[in-house]
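Record features, source TrEMBL:
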SIGNAL    1-23  signal peptide
DOMAIN    117-454  domain 'Peptidase M14'
REGION    287-306  region 'Disordered'
ACT_SITE  E412  active site, proton donor/acceptor
Amino acid sequence: MRKLRAATTVAGAAVLLASLGFAAGPGAQAGDTNSQDVIEYRVHDAYPKGEALESAGLEVVKRVGDDVIVVGDANTGSRLEKLGLRAEVSRHLRQAPWSAPTLKPGAAPQDETYYGGYHTVNAHYANMDAAASAHPDLATVVNYGQSWRKQQGQGGYDLKAVCVTKKAEGDCAQKPDSKKPRFLLQSQIHAREIATGEMSYKYINYLVNGYGKDPEVTKLLDTTEIWVVPIVNPDGVNIVQSGGNSPKLHRKNADFTDADLRQCGDSAGSQPGVDLNRNFGYHWESNTSKCDQTTSTSNGAADSEPETKALEQLWANLFGDHRADGPDDRPDANARGTALMLHSYAGIIILPWEYTHSTHTPSDAQFRAMGADMSKFSGYQYGQAGELLYDAAGGSDDLAYGKLGIASFTIELGDSGGSCDGFTPQYSCVDGTFWPYMQKTFNYLASKAPSPYK
Ligand SMILES: [Zn+2]
């Protein structure tokens, strides 16, 4: 990681980046180490234009006063220039030189890792299975769908969740009338946000290993079902981990119906697939630009992706429907349960609505009270997406709350300006920085499951 000259303009940056040997597009081989690098651009006076950046398919990761930080690759600068924006390269997050994934011979399947300790999709799945076989009284693994590639017969994965609770008759059924209230934790809907999946991996193990020893865990599992989906987007994570020690920065799923890697490349700023967190069908907006970071559909409509549809069905099965769909409808008196989707790397807590911040939800006071409580653990700011960064339509929380009445939050892990910033922090950040406050945050949200709106 090193800083470029702060005053470098976008046009100047193109020259500078060329001189640094940036390769465009796919086909980067060992030795050609820079095409995967992430470049942050500071875009001046662009906060009020956040939605325009979002519509242009760019990812805004931070707000700095009236400026915003946009993340992308060497070509992102010229795209900003075409939008008439004044931008400069603010930081260059250099990827480690490429090397093949190395798996230790004889390692247990749940210990298969890449990039210094990050778990592969197979390792996440093996970890859930290992928890269930070692603790049959506590953990139940369920399949809730299939990834896009699996549906197409191109490899791919089942979509998996684990239910963790001190099991009693009828627990962990995929039906909304459960005896215990539920907390649902989900991560890696954006594949390249690799620290998020590790939070889920650690939480599953913390729960099953803590029962009967840690009074807080014991109480939670006696009274609550905790569901974890560690990898919402396994096809995408498969692409990320294929980079081995230099993870590919694939954000979207692997639905390459409209475009493939030859057309889009596979850089931070240009890649094929659909952004699952723009695909949910509540106040959805269309973005059919195939190589954008925020392509919102493969067929011109919302809910086009199998990963999205399956997750929505899981939510309906676990939580039922406790809210009419109008903007001012309150969740009904029986609404219970909490949900959290993890992202990185802005370091913020986001409440619905995300598609707009000109109105608040009817549950705004409760959401902000919970946001304030969670903020005490991490120090992250909380608010609606557009208050902190920009409005974003088609996200998970708007559908989960808007259609079903689930008290649903997004947290972006982050370490603004610190050594654990970026999509691919060193693995030591997982234990050293993120886990201590996320563990408290997850327990807090689980404790709110019985009555989030009271
Ligand atoms: Zn994300």
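Placed from the backbone N, Cα and C atoms, the Cβ positions cover glycine too.
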### Message
Below 8 angstroms Cβ to Cβ, which residues of this chain, lying six or more residues outside the region 'Disordered' (287-306), approach it?
### Response
54-59, 72, 145-148, 151, 251-253, 255, 257-259, 263-265, 268-276, 278-281, 312, 392-394
### Message
Just to be sure I understand, if DSSP states are collapsed into helix, strand and coil, how many residues of the region 'Disordered' (287-306) fall in each?
### Response
1 helix, 0 strand, 19 coil
### Query
Taking DSSP three-state, what's E412 (active site, proton donor/acceptor) in: helix, strand or coil?
strand
### In the chain carrying E412 (active site, proton donor/acceptor), residues 6 or more apart in sequence that have Cβ under 8 angstroms from it
L342, H343, S344, Y345, A346, G347, I348, I349, I350, Y380
### Summary
The predicted model's mean pLDDT over the domain 'Peptidase M14' (117-454) is 96
